[in-house]
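Here TrEMBL flags 575-589 as compositional bias 'Basic and acidic residues'. Residues annotated as domain 'DH' in TrEMBL: 30-213. Look at TrEMBL and you will find 254-454 tagged as domain 'BAR'. Residues or ranges marked as domain 'SH3' by TrEMBL: 505-568, 601-664. Per TrEMBL, region 'Disordered' is recorded for 1-23, 575-596.
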């Protein structure tokens, strides 16, 4: 009895320790099971991804590549990230004592990479589902797809593609739950507990950020669509709601311009927008230049001197053979490659800019709404549900642009650089081909026996002599007629110019030197020759390269480099200048001077003295020295400054001062140098 009594206290003192050990063992067991679940499910998940990317995607040959890109999105990037993640995760098995802490640190290490790849996949998921739904409307195609999937992944069942595509979404949302399960089976006083807490919170933030990114992309996709609407369709969309919104935005913008309310300053976005517009301008200019280059190349290919019998001795025959070879083979091939490798990518790049341009314009509208609602929130303390949604829309657009415009600008610049590099490579290839084709003919050309320095000297002398002849011709030609000092006005523009002159005075009138295409908010698109009045020689940001002007009907910004002061020429002086030469002219006009078209009857043959570029469908372009038939000397309104003419079968108006009767060179007293 004494021994039993002595043993009882001992058993009671050991019981708490035993229970503690049993509890710790239970926690440790559940923790190991949770870790094993994480690793085993990661292995199965990665295996399923590889089946989708390698087996299923490669067998769906009946689907176009564009559909496959949408369906599987960036699954290859996900496989790369999760492969490294699984490798490091399995490596923690070797260090069982620190395994929990290592797993927490591993999730923290991969946090940014997981968010980067999964947000792209999740943002494209809805579009992939739309494709799946479209396949279900084609029974034959749906059966083929289902057969392929069941052969590779039998557990997919009738869900087919939908079952596979949702797997990455399920996995990224399950990571916080798996970590939470490990955390619940970790003692609070353990060293790994705080690391697991931070990892769980980090993966929850990843899912939150992915959802927010997906919402922003949905908002952006609504405004990036470029719709080609007719005027009637645009008018049909106008209602009281849209009129109210546009009126409110215009009122807010006018208040800001007048300084009544403060404008929201966003230096980061302003810099990004400035760079984007610079990239857009470069793409537009290059696209126009390449188009002009292709037009000139086409005109060059139409000119075939080798088809004419020049009746000239010497190496003309060899030159004709070489020219024929180049015209029929080298140059057409160069043109084809130029259109394919430069023209088409450039058009694709210009098309890619349309979406961000729409977003930037829409951001300005939403910013005006946001500023107005911020004022209301300060004054009244609350806004309606719809107004709160408008605030969130602006914040989503702004965040998306600030996050993605730098990457877009960088990619656009790289794309532009590659296009320019390709253009230079094509030029080098063309030069190489021409030299190779001409090599056999070089020995038959004159001066082939000369050394390179001697031949260079010969060419320089010949060019110098030709240049002297051209300068002499230019000097003599300038004595014939003084060129117009100003670009001619558009027909019927005199009344508008008079109104601008009365309103702003002669010192504030400017003329557009070349066509402008407005690409930014409040920019104007004006034709060459348009007269405008200057309101301010800088924009609201202090940029002196954009001037605020008034056309007499619209106000907006134009590039300062495309404006020049307009020289006011009184109508009487113009008429006097047309009647005869000016007495105070710096270069006296030799007698007799060519008669101008103002005195030429209709259906008379004249000559274009200066080149003229048509600015609209009512005008026709001229080349200097081109024969022209005058149909009506004054236009239909009786304006003598414009004449209706016919040139190469095309009819249109040209400035009368650009035309003259064909002169007889004999009495002029000069000729070209010999």
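Cβ from N, Cα, C; glycine included.
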- May I have the DSSP-based helix, strand and coil counts for the residues of the domain 'SH3' (505-568)? 6 helix, 24 strand, 34 coil
- Note on the structure: the domain 'SH3' (601-664) resolves under DSSP into 3 helix, 28 strand, 33 coil
- For the domain 'SH3' (601-664), what's the model's average pLDDT? 80
